[in-house]
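What follows is a short report on a single structure.
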């Protein structure tokens, strides 16, 4: 990692998104810049027994997205999201047929894997949990795929005709950043010229909702779904569960230039830390997240004063938003008080491993379009969250350097720096 300044440079040349609201980067970006929220009462199952009954679900029809009958029947929603997002990224990049298959790889990220299908199929083979020994006669032949997240990378490799490095990253809520850093390392180290990388999670299921209910991490604001997610607001009381996927085509910069590809942004630096402290708790001083941000900026050769925008984790839990505020002050110094910071979780919820990939997509689009989406529902700022969290309304601004961060259960903290392609170091 210390040699990154002298290594090959990595740019994003394709983006594909499946998000609450619609499929594609255009509706995704329009929704964010309009400040529209996707939180609604959960429709995929009866959520009335649960404390939190709202979520940001994707309006996703796999058949309408061109998936085959086998893909519709056999694939978990997480896999379907990943496949469609990767397909969109490949089409956006125009790289198909222009890269050596042996120099093209795949990295997929997920926090929960195929949770929904595991939930459903266990109910089938165990007679709704009444059988101690499951009846495999009622199982499905592809049930094994639900247990191995690597099947997601395999399906995308077949789609991309990628015969190079492949793998999976599962690091909870930092998976979407961490998978991109691993993929970028493979390009920088010369193991690949092109990587298809991203993250997907579709975990709006009874077992997941019950888990977050148990630790009171999700909001019980069921009577106000559209305003339920309130990052940095005095009245915040938990996050909204979401779902989705974002995949990218990462290329070595010279390779992208040779084929005349458009580059959205350069992945200039990244770093991760763990607080080694608690599965769910965060230190109030934000030390580990601050260290990740500082290290990522150092690797990118970016001074804190040069950061134009910060994409916050912004989960709308009491402790996270205070933790982040402290981390930004610690890592950015006086500039923390003037740089715009916002959370798109206020609009699309928290899709676990996928969310920070969606946030990287939004960050790259900010550089492309020069607009900063707002933090929706931020009407009563917490006086202890006293930075510029871009309340309610998007802003036009020249953005050439972005920091995006993520915090995950287990104490994982990750940061990634995106810059305009070809920036002088």
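One-based numbering along the chain as shown.
From the backbone N, Cα and C atoms, a Cβ is placed for every residue, glycine too.
Under the heading domain 'Ketosynthase family 3 (KS3)', Swiss-Prot lists 7-420, citing sequence analysis as support. Taken together, the residues in the domain 'Ketosynthase family 3 (KS3)' (7-420) have a mean pLDDT of 93 on the 0 to 100 scale.
Reduced to three states, the DSSP call for residue 173 (active site, for beta-ketoacyl synthase activity) is helix. Summarising the annotation, Swiss-Prot assigns active site, for beta-ketoacyl synthase activity to 173 (among others) and lists sequence analysis as the type of evidence.
Around residue 313 (active site, for beta-ketoacyl synthase activity), taking its Cβ as the centre, 30 other Cβ atoms fall within 10 Å, counting all chains. What Swiss-Prot records for 313 (among others) is active site, for beta-ketoacyl synthase activity.
The active site, for beta-ketoacyl synthase activity annotation in Swiss-Prot covers 350 (among others). In this structure, residue 350 (active site, for beta-ketoacyl synthase activity) is part of a beta strand by DSSP. Annotation for residue 350 (active site, for beta-ketoacyl synthase activity): same-chain Cβ neighbours under 8 Å, separated by at least 6 residues, are 173, 239, 240, 241, 242, 315.
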Other CB atoms, at most 10 A from the CB of residue 173 (active site, for beta-ketoacyl synthase activity): 24
